[in-house]
Amino acid sequence: MDVVNQLQRQFIDYSASLHREGFLDDQFTQLQKLQDDNSPDFVVEVASLFFEDCEKLINNMARALEQQQGVDFRQVDASVHQLKGSSSSIGAMRVKDVCVAFRSFCEAQNREGCLRCLQQVTHEYSLLKNKLQTLFRLQQQILAAGGSIPVVE
Amino acid sequence: MESCNCIEPQWPPDDLLMKYQYISDFFIALAYFSIPLELIYFVKKSAVFPYRWVLVQFGAFIVLCGATHLINLWTFTVHSRTVASVMTTAKVLTAAVSCITALMLVHIIPDLLSVKTRELFLKNKAAELDREMGLIRTQEETGRHVRMLTHEIRSTLDRHTILKTTLVELGRTLALEECALWMPTRTGLELQLSYTLRQQNPVGYTVPIHHPVINQVFSSNRAVKISPNCPVARLRPAGKYMPGEVVAVRVPLLHLSNFHINDWPELSTKRYALMVLMLPSDSARQWHVHELELVEVVADQVAVALSHAAILEESMRARDLLMEQNVALDLARREAETAIRARNDFLAVMNHEMRTPMHAIIALSSLLQETELTPEQRLMVETILKSSNLLATLINDVLDLSRLEDGSLQLDLGTFNLYAVFREVLNLIKPIASVKKLHVSLNLAPDLPEYAIGDEKRLMQTILNIVGNAVKFSKEGSISITAFVAKLDTLRDSKAPEFLPVLSDNHFYLRVQVKDSGSGINPLDIPKLFTKFAQNQSTGTRNSGGSGLGLAICKRFVNLMEGHIWIESEGLGKGCTAILIVKLGMAERVNESKLPYMPKMPTNHGQTAFPGLKVLVMDENGVSRMVTKGLLLHLGCDVTMVGSSDECLRLVSHEHKVVFMDICVPGIDSYGITIRIHEKFTKRHERPLLVALTGNTDKVKKENCMRAGMDGLILKPVSLDKMRSVLTDLLEHRVFFEAI
């Protein structure tokens with residue numbers, strides 16, 4: 001019991017910290033609400049889909065921006081748009097913010113700015129991935145210990 | 001003495017006289033021989049000598065004479081007979097030739113003399129031609145001077161420059177000592193010295209105009225020589241020198257008033273200026289004819305140039321005036337625009353400012369009505385509500401009118417039930433009419449279509465206003481409302497020449513007549529009825545209420561509906577009829593029966609609020625698609641996912657009740673899909689509701705969605721509660737546009 005309580009408290013603190021630091025926002029909470037007996041791994045599934053998507057998009061963008069002659073900004077912009085959509089659907093606030101800045105650089109056709117934003121996005125994404133993986137591990141530990149995942153408001 | 005055959009001369013050879021004779025004979029012979037030689041020499045040299053044979057003859061004569069004298073030389077001494085015979089022969093020959101020559105000369109000499117006379121004649125002729133040539137040259141030069149002067153004079157359009165240039169150029173051309181121009185004064189009784197050549201500042205000498213010399217000059221258009229003692233010619237200080245000759249010429253001054261369109265200027269009322277030209281004093285120069293001609297021509301040219309200058313001055317003055325007027329008009333227009341803009345700004349502000357408190361008052365009063373009140377309180381609240389409603393109407397009217405005038409008002413066209421409009425009007429007016437004990441009857445023609453396309457609200461407003469007026473201004477009697485479809489002949493009204501109705505297939509003209517038996521209107525007042533704020537005070541109704549805007553607004557609405565409204569009345573106390581014609585579109589019979597929808601669930605937070613509701617979600621983004629699906633699954637819906645527009649069109653069926661489309665992805669033509677889905681499902685109740693999901697808050701996008709035919713718009717991110725309430729609203733009202 002103690003272990004479960006401890007784990008649960010850890011989970012709550014960690015969740016709160018993620019929200020506080022701006023990694024996640026309200027949308028993530030909504031997603032968590034959708035998780036029920038019919039779809040117990042809803043959040044994890046959505047998160048994995050998000051990670052896959054992210055990696056694909058980041059690779060696309062890196063390749064497009066590496067072109068020495070004539071960067072296709074429209075393609076980059078399309079990818080950023082997708083990324084922004086995905087991140088806002090999952091509640092990845094920081095990633096979404098970088099995407100907003102990224103889009104304005106795309107519109108201005110500023111290659112340097114885009115490269116910088118891409119770096120930032122990659123950074124934020126890897127941070128988020130780590131944090132979420134930690135969170136999910138905590139969840140699994142709680143479940144393994146026989147407890148239930150506390151609902152964080 | 002020997003007897004020889006010699007002949008002795010008469011005289012002794014040693015005599016002095018003999019010696020001199022001898023010498024003379026020698027010289028004569030010499031001369032006689034050299035003359036023909038000279039002649040031959042010179043004739044050979046000259047090309048023309050018509051009398052060669054005469055020359056030969058003359059030569060022979062001379063040679064023989066010479067020979068005679070030569071031979072004579074020998075006769076001074078004792079000479080033989082031979083010499084004597086030769087001598088004799090020579091003499092005889094000489095005599096013969098001389099006689100012949102003499103005879104010839106009788107013919108020749110007159111000829112030679114005639115040559116001389118011809119020569120003299122030609123010389124005279126040449127002298128005459130020379131003289132004429134000189135004359136022509138002087139004339140040509142004069143012409144050149146005139147042209148140059150004219151050019152100088154006409155090259156400027158300034159009056160003073162013209163006159164000054166004239167004097168300067170004339171002075172230069174004719175080498176004048178002094179040149180002056182006398183202009184008539186304003187009174188016309190004196191001539192004033194206006195311009196002179198040498199003196200820089202003409203002192204205002206004036207000379208009375210009725211001087212015999214001046215009259216003489218004015219009466220002819222030629223340059224007239226005048227005496228240097230004449231008052232106009234006394235331009236130089238009197239000196240000891242002999243003044244040069246003076247000539248004066250008139251310069252006609254033409255005024256604009258002299259030019260009439262059809263007749264040329266009358267010569268009798270002309271004013272003249274006087275130009276005086278003085279040759280240098282102490283010179284023997286005289287005025288030549290060509291110089292006088294020059295002066296006359298110049299005077300004419302000056303007149304023309306002056307008239308041009310006058311015309312130019314006039315036109316410049318007119319142009320300046322026009323420019324001033326233009327500036328003033330521009331200023332006035334700008335002021336008017338500023339005023340209009342200020343009024344519009346004011347109205348816009350007042351619109352908002354007035355409506356907000358009104359809204360608060362009305363809302364709170366109606367809320368208050370719902371609560372527990374005492375009868376007195378209820379009455380008070382009802383009065384507050386009524387008054388505030390009235391005020392709200394007034395505000396709306398004023399704003400409507402101003403918007404109507406700006407032309408910014410547009411009709412809200414839609415399909416509506418025409419019969420229902422009339423029924424509504426009747427219901428609204430019945431209470432008031434029954435209070436006044438007026439009987440209201442409604443007569444709808446059987447061929448009046450049930451449905452029409454037009455602005456329902458404003459049509460009702462207009463009809464209500466007219467009927468309301470009828471009720472207001474009737475103290476007793478009845479009011480009849482008739483409505484029918486207007487035929488072409490009834491459409492034409494002589495009172496409205498601008499109203500040209502055009503019949504077309506999908507439109508019809510609705511004609512509404514409201515006849516009352518009330519106080520009537522003076523026919524003279526009828527035109528004023530439709531003007532703003534003009535109340536008909538003569539009716540003397542104290543409780544008329546309302547502003548005078550009603551009919552003005554009605555007229556504007558009717559105009560917008562391409563119709564016409566007018567009032568007929570036979571006079572005071574004879575009631576009046578208001579007639580209204582508007583153009584409405586024909587509507588197809590639409591089945592307005594309510595479509596089956598989900599019964600309204602109480603808003604519980606149960607998870608299966610929409611059991612089995614089939615929905616289609618179209619989203620390109622995998623993550624957001626999954627999230628939306630999760631939301632809808634949680635709410636119990638049966639979700640089909642598609643990732644592209646083609647898939648969406650393929651899979652959409654009448655079983656799906658709602659289609660959620662993400663429209664903020666570039667590259668998806670969501671409006672196109674909407675239209676295609678509309679086309680696919682022609683029956684309204686079969687078509688699923690189309691809802692757009694977007695992350696952008698764009699008013700334009702929202703309008704585009706509405707226009708394309710979407711039934712709803714939701715902003716992402718969507719929370720669970722939001723989705724629940726949206727679906728509820730959507731299924732009940734069949735439309736949900738989130739406020740942006």
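Quick reminder: no glycine exception, Cβ is built from N, Cα and C everywhere.
Cβ environment of B:Cys65 (Cu cation binding site): B:Tyr32, B:Thr94, B:Ser98 lie under 8 Å away, each six or more residues apart in the same chain. Residues annotated as Cu cation binding site in TrEMBL: B:Cys65, B:His69.
Secondary structure at B:Asn469 (ADP binding site), as computed by DSSP, is helix. Counting every protein chain shown, the Cβ of B:Asn469 (ADP binding site) has 22 other Cβ atoms within 10 Å. The ADP binding site feature in TrEMBL is assigned to B:Asn469, B:Ala470, B:Val471, B:Lys472, B:Asp516, B:Lys532, B:Ser547, B:Leu551.
Summarising the annotation, TrEMBL assigns ubiquitin cross-link to B:Lys716. The Cβ of B:Lys716 (ubiquitin cross-link) has 19 neighbouring Cβ atoms from other residues within 10 Å, across all protein chains displayed.
Within its own chain, B:Val471 (ADP binding site) has B:Ile429, B:Ile432, B:Ala433, B:Lys436, B:Leu438, B:Val440, B:Ile479, B:Asp516 as residues 6 or more apart in sequence whose C-beta sits under 8 angstroms from its own. With a threshold of 8 Å between Cβ atoms, the recorded positions B:Cys65, B:His69, B:Asn469, B:Ala470, B:Asp516, B:Lys716 that neighbour chain A are B:Lys716. Remark: of the binding-site residues B:Ala470, B:Leu551, the most isolated position is B:Leu551 (fewest other Cβ atoms within 10 Å of its Cβ). Cα of B:Lys716 (ubiquitin cross-link) to Cα of B:Asn469 (ADP binding site): a distance of 51 Å. Taking Cα separation as the measure, B:His69 (Cu cation binding site) is nearest to B:Leu551 of the binding-site residues B:Asn469, B:Ala470, B:Lys472, B:Leu551. The 10 Å shell around the Cβ of B:Asp516 (ADP binding site) contains 26 further Cβ atoms across the protein chains shown. Every protein chain considered, the tally of other Cβ atoms within 10 Å of the Cβ of B:His69 (Cu cation binding site) stands at 21. A sphere of 10 angstroms centred on the C-beta of B:Lys472 (ADP binding site) encloses 20 other C-beta atoms.
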